[in-house]
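Before any comments, here is the structure.
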Ligand SMILES: NC(=O)c1ccc[n+]([C@@H]2O[C@H](COP(=O)([O-])OP(=O)(O)OC[C@H]3O[C@@H](n4cnc5c(N)ncnc54)[C@H](OP(=O)(O)O)[C@@H]3O)[C@@H](O)[C@H]2O)c1
C-alpha cells in the first residue's frame, strides 16, 4: 500500500525520470545581486578561496546582502589572487590582525586555528564574527545559532553602528544544522527524548581539496590506476568509511559528538539523548541523514507531515508510489533541507517514534547560507 499523503511534490508531479538535480519541490536560490549600499556594513570574508568561502560570495550575492565594502581574505598563498565578483575584480589580501580594522561583519571559514587566533581580535576591534569552525561552538558565552531554530540566542548582539560591540556567533556543524532543520519542528510539537542519527557525508564537508581528490580518484580508479590518497587515508571513490575526524576514548568520533553536544546547546536541553554514527560516502556536496526519533508525546506521521510542510527552510519529498525521496544530488545548490521517508517507527508503541531521511546541501545550509542568515539577523 502506498501513501496518499499530500506533499508539495504532488503539486508539480514531475515525470518519473526527472533528474534529481531539477526536483521541483526545492527552492532555487534567487538571482538578486548583492547590494553595494552606503549604509551597509563593511563585510570581510575570511578563507574566501575555500569551499565555504566561495559559497559565502555566492550566497551574499544571491540574497542581496547589503554592504558598503568587501574584504576578501585568505592565507599568504592566495594573497594577490584576483577574484571577479559582481562585475568588479577584488584582490585577495593576506589575513592579518589589521585586516579587521573598520570591519562590521566577519564571516570566518579558514579553520579552527585561525578562528581561535583571530576571531577574538576581530571581535575586540568591533566586528561581529560569524564563525564556521568548531572553535567556539561549545563556549557558553558564544551563541550557537540556526536562524530558523534559535534566533533568540543572539538577540543581545548588535552591530557597532547600532550601539552594539564586537562579538562571536558560532555556526553549528553542518550535520547538526541539517538534522535540526527537520527535527526541531517535530520536537516543538511532541518533544524528542531520544534521537539516533546516521549520516552519509559528502566530500565537500572536508573542503575544496577533498572534492578535488574525489574527482581525481574517480578518474584514476576508472582508468585502473592506484588512487591518490592525500586528504583521506583511504580510497574514497566508490567507497564508504567512518568519518575522518578523530576517534575519542569513548569510541565516538568528533563529528558524532558534535551532533550530541550541539543539539543540547541549540535546544537548551541537556536531557535529550542523542547518539550518532557518521560516515563519509563518495558524494560531492550534500549530506544525507537517517534519523530515528523517540517522543515524549504521541506524534503520528500525518501530523508530522503537516508540521514539516509549514516549517521554514524545509521541503517534503516523500512519494512512496514513485519511490521518490530526498537525494544529495537533488538538494545540491539548494537552500532548503529536504525531508522524506517519513514513517511511524513500528518498534515503538503509541505513535511515539518516527523515522526520517533528511538531505541538505552542507556547504550552503550547512555552512555559508546559515552564516549569512545569521548576519542578516544583525541588519
Ligand atoms: N566544508 C564545509 O562544508 C564546512 C562546513 C562547516 C564548517 N566548515 C569549516 O569552515 C572552515 C573552512 O572549510 P572549507 O571546507 O572551506 O576549507 P577549504 O576549502 O580547505 O578552505 C580553507 C580556507 O582557509 C584559508 N586558510 C587556510 N589557512 C589559512 C591561514 N593561515 N590564513 C588565512 N587563511 C587560511 C584557505 O586559504 P588559501 O586558499 O590561501 O590556503 C582557504 O580559503 C573549516 O573550519 C571547516 O571546519 C566547513
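Heads up, the Cβ atoms here are built off N, Cα and C, so glycines get one too.
Taken from TrEMBL, the feature domain 'Semialdehyde dehydrogenase NAD-binding' covers 42-157. Annotation source TrEMBL lists active site, acyl-thioester intermediate at 174. Under the heading active site, proton acceptor, TrEMBL lists 287.
For the residue listed as 'active site, acyl-thioester intermediate', applying a Cβ distance below 8 Å and a minimum sequence separation of six or more within one chain yields 205, 287, 360, 362, 363, 366, 367. DSSP states for the domain 'Semialdehyde dehydrogenase NAD-binding' (42-157), grouped as helix (H, G, I), strand (E, B) and coil, give 36 helix, 33 strand, 47 coil. In the three-state DSSP reading, the residue listed as 'active site, acyl-thioester intermediate' counts as helix.
Averaged over the domain 'Semialdehyde dehydrogenase NAD-binding' (42-157), the predicted model reaches a pLDDT of 96. Other Cβ atoms within 10 Å of the Cβ of residue 287 (active site, proton acceptor), summed over all protein chains shown, number 30.
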